[in-house]
Amino acid sequence: MDSLTLYVTNTMMKRWFQFFKHKAYDFRWAILSGILVGTSYIPFPPWALIFCYTPLWIYVTEESSSVKKSFWAGWVTQFILTLIGFHWIAYTAHEFGQLPWAVSYLALLLFCAFMHLYIPVAVAAGTWLRLRFKLSGGQTLFTIALLHALLERTWPVIFEWHLGYTLIWSKIPMYHLADLVGFHGLSAVVLLFNAWMGYVWLKQSFVKKALSHLSLLALTFAALVGWGFWHGKAWNKFDGETKATVVQANIGNLEKIYAEQGRAYQEVITRKFLDLSFAAMQKYPQTDILIWPETAFPDYLDQHLLDRKHAQILISGLQPLSRPLITGAYSKDPKADEKQDTSTYNALFLVDPLGNNLDKPYRKTELLAFGEYLPLSEQFPFLLKLLPFVSNFGRGHGPEVMKWDTPQGSVRWGGQICYEGLYPSFTRGLAEKGADILVNVTNDSWFGKTFEPQQHLYMTLARAIEVRRPLVRSTNTGVSTAVLANGDVLQKSPLHEEWSGQFVIKYLKNAPLTFFVQWGHWDWIVILLVLGAVIGRGALNARSRRS
């Protein structure tokens, strides 16, 4: 019996091995693309930026590729690139969700399987159009690139990312053009370069034509880099300045959890921030304003709740510093019964040394699914009991600007809390409402020493370029930094260390609205027109060949 069991087991294992070996060979180009994309995104150098999707797209232009086969090839690519770039999902599920490691890894695999399905949908749709309208290989490549560009900005995802962000990460000056087309527009340009590289590959047997296209591609890329460099110079004008000191207390995850549960850690955390702020003021006595990260003050800070114990501790520590403070904290309406009402908000406050609210607090609007609210919990409240570790914050009405009056004039701070810095439309709203300086407060402690802190950092800094407003970023564990409207990134804090630093924030008073702020993602119209033209030309050529 044991011998029979061993024989059956070995036979099954061999069959499974042969099956996966065969599939791996079939999808070798899809696997290669997944690796290229995953290792060209933040925090890796963008070494394959303009050809990372090319192997996948060339594969689906082959005559033997069906819609079904193309979809699964795209699925393999998105699974691998997600596994590389978003491996931190498992760590976060374990730390934030307090799930066992086995369940956390399962959550990662599910995330990889379903989160970026727009990639296989784009290649499958491109294949269908190729078969339906008899598109050539080159036309199919550009069709897929344009479909991908449209889908990545409309497909519902938890974390919006694309290849445009690699430009600011790697300091390729083309990123300066984001104030014209946004980083989504730059991503579309990168995708078109991928299609162009694929076209060069398809024409490799025609050496002269392939080399001419490769040369033209290189010249076009160089021209865009040069244009970006020249365009960025226009934002070197400043007529305002404020000195902001950011305090990073490096509060651990368990301490944050205990503070949220109302334990003694609330006082410990408050005093730690005050002590670090006192030391920072001695080091930077010219500071105009202090900035603490998301929920750095782990209690309510509304004007009507300043008599609470921890608010009084905060006030007693702020008074000797004689500086206003921007900090994350919790907020609640005056009419709310704290014991019964659940409308607690994740908020951003601007207070004077006496704790007085200098403007109404900004309450977070773009809540993180499964982190700050549970989808469908309003319709099915029992879900909150099944998943008690998921927070249930109220939703604010942003974007909103906080006004700070100084002897030199008013400064308008445009607040972003955590992942709100990833939404271009949100920051456009802040610029439209007159924000002079953007301030992003966040807590990346849940992600450990993974890729996420660097990804989150540069995806947030990108908003400053789109709207051409300086941005100060205050985090609990790093990376805290600031970027000016001209793209200059100032000093950056270390990860997972106590730290404080002063940033001289130069800005332009009443700065003009950028083209992107005024018109948004206008380029989708161009993408649709070009897509229609490519498909239409392919269809006409096919008809003429038949006739």
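Cβ atoms here come from the backbone N, Cα and C positions, even for glycine.
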Swiss-Prot annotation (transmembrane segment) - matching range among 31-51, 367-387:
31-51
The domain 'CN hydrolase' (247-515) [mean pLDDT, rounded to integer]:
90
Any residues 6+ beyond the ends of the transmembrane segment (106-126) with a Cβ under 8 Å from its own?
56-57, 60, 67-68, 70-75, 77-79, 81-83, 86-87, 89-90, 93, 97, 99, 140, 143-144, 147-148, 151-152, 155, 157-158
Tell me if the transmembrane segment (515-535) touches the transmembrane segment (31-51). I count contact as 3 or more CB pairs below 8 A, with pairs 6 or more residues apart.
no
Rounded inter-Cα distance in Å - Lys364 (active site), Glu294 (active site, proton acceptor):
10
What same-chain residues, at least 6 away in sequence, bring their CB to under 8 Å of the CB of Cys418 (active site, nucleophile)?
Glu294, Lys364, Leu368, Asn440, Val441, Thr442, Asn443
Interface-richest range of 71-91, 210-230, 515-535 toward the transmembrane segment (180-200), CB pairs under 8 Å:
515-535
